[in-house]
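S.K.: Heads up, here are the entries from TrEMBL:
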BINDING   B:Y124, B:Q186, B:N209  NAD(+) binding site
BINDING   B:S233, B:Q255, B:H258, B:H323, B:D356, B:E410, B:H415  substrate binding site
BINDING   B:Q255, B:H258, B:D356, B:H415  Zn(2+) binding site
ACT_SITE  B:E322  active site, proton acceptor
ACT_SITE  B:H323  active site, proton acceptor
2 protein chains.
Amino acid sequence: MQVYINPAKQTRTALLQRPAIDATALQEKVKQVLNDVQQQGNAALQKYTQLFDGVTLDNFQVSDAEMKEAVQTVSDELKQAIDIAIANITTFHQKQVAAPELIQTMPGVQCWRKSVGIEKVGLYIPGGTAPLFSTILMLAIPARIAGCKEIILCSPPGKNGLLHPAILYAAFKTGVTRIYKLGGVQAIAAMAYGTETVPQVYKIFGPGNQYVTCAKQLVQQQGIAIDMPAGPSEVCVLADETANAAFVAADLLSQAEHGIDSQVLLVSTQEALVQQVQQQIAAQLQQLPRQDIAQKALENSTAIVVGSMEEAIELVNEYAAEHLIISCKNEDAISDQIINAGSVFLGNYSPESAGDYASGTNHTLPTNGFAKAYSGVSVDSFVKKITYQKLTTEGIQNIGNAVIQMAEAEGLQAHANAVKVRLQNL
Amino acid sequence: MQVYINPAKQTRTALLQRPAIDATALQEKVKQVLNDVQQQGNAALQKYTQLFDGVTLDNFQVSDAEMKEAVQTVSDELKQAIDIAIANITTFHQKQVAAPELIQTMPGVQCWRKSVGIEKVGLYIPGGTAPLFSTILMLAIPARIAGCKEIILCSPPGKNGLLHPAILYAAFKTGVTRIYKLGGVQAIAAMAYGTETVPQVYKIFGPGNQYVTCAKQLVQQQGIAIDMPAGPSEVCVLADETANAAFVAADLLSQAEHGIDSQVLLVSTQEALVQQVQQQIAAQLQQLPRQDIAQKALENSTAIVVGSMEEAIELVNEYAAEHLIISCKNEDAISDQIINAGSVFLGNYSPESAGDYASGTNHTLPTNGFAKAYSGVSVDSFVKKITYQKLTTEGIQNIGNAVIQMAEAEGLQAHANAVKVRLQNL
């Protein structure tokens, strides 16, 4: 961990710099796979699943029998934990449903918005070292609440040609409609274009490696919506003298274990605390199965000590962290001043991992500074808000002249005429 | 207008096809301009403004004197019309502001969302044949309501080196913070990267030609958010025997006059109505100053007669129009069945042009079928929703075991540990 004590103001932006991500270098390779799936459908899916996942599958869709077996395999303890998480995530997201509200902007002019679930959505869950079933909860629960009719899930098969039982249990409990054993670029392609067995979707969600990220960017240019741009996961801890060094160290390590590219930032007004946190990290790191990964991530991480809480807040807003933990005595007052962050954790008993799994908030969040412009996933991400207007004859009489004036000033006579023919008819 | 009477089901998707848009062909040219502005700042802006707009500007920013003069130049009638539109748009969008709502997902676990305006946003208003001041209202009003602090506007200068007075009046009235006489790719580059005088923004909004569209796509890949993908404007009219042929014709023409690539679709259960509409179009077209443009757009447009309202609604949802006018006797019941559209106009007295200018709804809407996954612009487009959570010691005790179980099942021990260190401390 690089420690900077009261760095000069003009150097701070450089300290907050994330490593540049450039997925465009992969574009040619990724385009090839996308094109093959678009043109050859299932045959291409089969070819790439053999090549990249090392298994030959005749049928990509998870069968009822596979699902049944998986549900039996998951331990009761894990099931109970998942069920608690589902309950909390559902409670939190349910409140995001907006009922239409009729607004009369002028007498006889009524306007409103209606939220409609995106009819077909695709969720991608990466494979690799850990079965990220928690991400299924974070995507499928809001999708169901939004009213999406078709919720497709793709995740790469293991060497045994199966998905992890916890993945299937989470998908089963959250109402995913079809599950496919497909990974990587070929999964994104299947959902973007559709194949003989995989339905085409209108929006694709979920994390992935740099190939998946590049594929999502490319299909977005072709009109398929995506959840948000991707980047390595990150946490920023803002801590004053009331913070607990052991807790802060544990939080930083929980981010660092994600991957060697994970970003970890500690901002504090207390030099002594930063030292204690470093000691705690060293001690706790020894106990971790993923210590090699965490160690590497920490080598590229930063602690910054500043002279005042005002400066600290400024830094934190400039960084725009995916996860921001505020372990400070005035946590509520400080949180009011936060303008850029994905999800914020307040006080000493709100670790990031609570939100990662079960507090109820969503863990699919903007990384890489994208929190300056993007929100995390919510029910909003799974709906379109269609606007409506209905004018009575009184309404068109009240608004008509304004429309005619503006249309004519923009040189659009036919726009004006659409009002005039109606006024003439009254 | 191509008319299809009861076309076979399997041919319908082909009839609804829009022309393919491929902005990637322009990428090399557009990248050159983007790179030049990124590297050379104002000098590049000057070079390209000379080259593309034919004027030499020492100062791109609109001065107070220019603004003052413009405000005096706009007629009182137009000012009143704009003021009515501003009032209605403000009333409608004001209701989109979401107050934070505290949700207790479990005892001791409180979660909420806070909407924060995106700090810096950029609005692009194209030049060309008409001064599209109405689009300023549609972007700047929700930006202000959202609480965006810096609202930049770029629009290409005329040959006289000035912006149209109505553009300046609209910007003045809606609280745009800085206005620059910059157009095309160089304007998008200036807002995406910042220059000596133009501040960098986090999200760029507004319509534009294919170069602007391509530039927005490219900067989006570099992490600058954009409002939505672009495409030619379009209207679909769904009409039964209660529709007024003259009104329908006027609505179709108001879309057709936008540009030769405008998309116009009429869906009806009544063959006789379609014939009457065609006659009305022929008659009204003669009166229009932009009849050449409208004529060309109509040549590529389509009318489809189907046997039942159910089939008609299916077609309309499949098309996913930017603007959908429902001129039918059961307009409310039909509108309940609409799942894909940008903005919907109900009944015989709700022309699209009412929503284009002054009803209160937003006119920046998803075209090209993007309404299947995207919403139009609203206050939502200008905020990030930051999630918060605060756990008490009771909260971490209630949720702790679920988090530990799930983290361990995902193989993430440090995530579990962030909870364990806290539980051990109680």
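Even glycines carry a Cβ here, placed using N, Cα and C.
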S.K.: Using a 10 Å radius around each Cβ and all protein chains in view, which of these binding-site residues has the most neighbours: B:Q186, B:N209, B:S233, B:Q255?
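M.R.: When each Cβ's neighbours within 10 Å are tallied, B:Q255 tops the list.
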S.K.: Applying an 8 Å Cβ threshold (strictly under) against chain A, tell me which of the recorded positions B:Y124, B:Q186, B:N209, B:E322, B:H323 fall inside, in sequence order.
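M.R.: Contact set vs A: none.
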S.K.: Determine which residues of the same chain, besides B:Y124, B:Q186, B:N209, have their CB within 8 A of the center of the CB atoms at the recorded NAD(+) site, and list them by sequence.
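M.R.: Apart from the listed residues, the neighbours are B:P126, B:C154, B:P156, B:L182, B:G183, B:G184, B:V185, B:A187, B:I188, B:G208, B:Y211, B:V212, B:A215.
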S.K.: B:S233 (substrate binding site): which of the recorded positions B:Y124, B:Q186, B:N209, B:E322 have a C-alpha within 10 angstroms of it?
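M.R.: Neighbours among recorded positions, in sequence order: B:E322.
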S.K.: If you count Cβ atoms within 10 Å of the Cβ of B:H258 (substrate binding site), leaving out that atom itself, what do you get?
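M.R.: I get 23 for this one.
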S.K.: Of B:Y124, B:Q186, B:E322, which recorded positions are close to B:D356 (substrate binding site), meaning a Cα within 10 Å of its Cα?
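M.R.: Near B:D356 (substrate binding site), where near means Cα within 10 Å, there are no recorded positions at all.
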S.K.: Select the closest residue to B:E322 (active site, proton acceptor) from the following binding-site residues, measuring between CA atoms: B:Q186, B:Q255, B:H258, B:E410, B:H415.
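M.R.: For B:E322 (active site, proton acceptor), the spatially nearest of the binding-site residues is B:Q255.
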S.K.: Translate the DSSP assignment of B:E322 (active site, proton acceptor) into the three-state scheme.
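M.R.: Assignment for B:E322 (active site, proton acceptor) reads strand.
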S.K.: Restricting to the chain of B:H415 (substrate binding site) and a gap of 6 or more, list residues whose Cβ falls under 8 Å of its Cβ, or answer none.
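M.R.: When sequence neighbours closer than 6 are ignored, B:H415 (substrate binding site) has B:V403, B:A407 within Cβ distance under 8 Å.
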S.K.: Which number gives the other C-beta atoms within 10 angstroms of the C-beta of B:Y124 (NAD(+) binding site), all protein chains shown included?
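M.R.: A count of 27.
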S.K.: How many angstrom lie between the most widely spaced Cα atoms of the substrate binders B:S233, B:Q255, B:H258, B:H323, B:D356, B:E410, B:H415?
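M.R.: Output for substrate binders B:S233, B:Q255, B:H258, B:H323, B:D356, B:E410, B:H415: max Cα distance 56 Å.
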S.K.: Of all the Cα pairs drawn from B:Y124, B:Q186, B:N209, the residues the record ties to NAD(+), which distance is largest, in Å?
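M.R.: Looking at B:Y124, B:Q186, B:N209 as a set, their Cα atoms extend up to 13 Å apart.
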S.K.: Between B:D356, B:E410, which of the binding-site residues has the fewest other CB atoms within 10 angstroms in the structure shown?
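M.R.: Among the binding-site residues B:D356, B:E410, the lowest count of other Cβ atoms within 10 Å belongs to B:E410.
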S.K.: Just jot down the residues in the same chain as B:H323 (substrate binding site), at least 6 apart in sequence, with C-beta under 8 A of its C-beta; none if empty.
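M.R.: Once residues fewer than 6 apart are set aside, B:H323 (substrate binding site) is near B:S233, B:E234, B:V235, B:C236, B:Q255, B:A341, B:G342, B:S343, B:F345, B:E352, B:G355, B:L365.
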